[in-house]
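*Asks:* Can you keep this structure in mind? I'll have questions shortly.
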Amino acid sequence: MEACIIDGTKRCGAVSGLTTVVNPISLARLVMEKTPHIYLAFDGAEAFAREQGVETVDSSHFITPENVERLKQAKEANRVQIDYTQPLHKDEKKETPEADGDSKLGTVGCVAVDSLGNLASATSTGGLVNKMVGRIGDTPIIGAGTYANSLCAVSATGKGEAIIRGTVARDVAAVMEFKYVSLKEAAAYVVEEGTPKGNVGLVAVSATGEVTMPFNTNGMFRACATEDGYSEIGIWPSVQN
């Protein structure tokens, strides 16, 4: 598992290669607050977790029948897939099993702004099913899957390699800053023009409270809420993402 947290002042922490930490995002925050570093991974991150007394369990805790089945399917199809890609089905006319649609679930991300305009973003993920040992995705990489500055906070989900290549989260902030456009316009540009279709979705909030949740996949589980009681929940595309 891996995770990242960053605030609008660019204080940040990230972790990768965790197998026993119950809440990776909490460890990422401790990296930010308790160390001179930004990013710890694998054995070093696990050792730091034990030093800090965060909750850990045996790695078998995270092995479920559903995930074992997903791994089996991915290996049979000789593919790497997002964590919650729908099960494979066999077409009677085809020899090779295929995926029934793209992923709608996977990474968990959150962005927030307070009444003073202070921003923060946090993202946590288990990565890909059947990935190579040692593979690191976009989630813990500042500017790729997670980013915040004084203008906005962004958390992305999707295919990590595409998100890293597109520096998706940072690009949203950069387009806002250098093209002088709204958060919604910036995010739409990055998702629709800057990343190949079927690869990315994101949630973002600006310092003034503007919220946007665009994606170029079939769907993305998403929600937002404000202090005055407004809330929005969605899965499929809508007129306003």
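Cβ coordinates are placed from backbone N, Cα and C, and glycine is handled just like the others.
Copied straight from TrEMBL:
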- Thr107: active site, nucleophile (ACT_SITE)
- Arg135, Ile136, Gly137, Asp138, Thr157, Gly158, Lys159, Gly160: substrate binding site (BINDING)
*Asks:* Across all chains shown, how many C-beta atoms besides its own are within 10 angstroms of the C-beta of Ile136 (substrate binding site)?
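*Replies:* Around Ile136 (substrate binding site), other Cβ atoms within 10 Å: 18.
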*Asks:* Distance between Ile136 (substrate binding site) and the residue listed as 'active site, nucleophile' at the Cα atoms, whole Å?
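*Replies:* Cα of Ile136 (substrate binding site) to Cα of the residue listed as 'active site, nucleophile' measures 13 Å after rounding.
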*Asks:* Let's check the environment of Gly158 (substrate binding site): how many other CB atoms sit within 10 Å of its CB?
*Replies:* 28
*Asks:* C-alpha of Gly137 (substrate binding site) to C-alpha of Thr107 (active site, nucleophile): distance in Å?
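*Replies:* Here the two Cα atoms are 11 Å apart.
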*Asks:* Compare the Cα of Thr107 (active site, nucleophile) against each of the binding-site residues Arg135, Gly158, Lys159 and report the nearest.
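*Replies:* That would be Gly158, nearest by Cα distance.
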*Asks:* Determine the minimum-neighbour residue: among Arg135, Lys159, listed as binding-site residues, which Cβ has the fewest other Cβ atoms within 10 angstroms?
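*Replies:* Sparsest of the binding-site residues Arg135, Lys159 by Cβ contacts within 10 Å: Arg135.
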*Asks:* Report the largest Cα to Cα distance, in Å and rounded to a whole number, among the residues Arg135, Ile136, Gly137, Asp138, Thr157, Gly158, Lys159, Gly160 that the record lists as binding substrate.
*Replies:* 16
*Asks:* Non-local Cβ contacts of Asp138 (substrate binding site) (under 8 Å, 6 or more apart, same chain)?
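*Replies:* Set apart from Asp138 (substrate binding site) by at least 6 residues yet with Cβ under 8 Å, we have Ala144, Gly145, Ala156, Gly160, Glu161, Ile163, Ile164, Val168.
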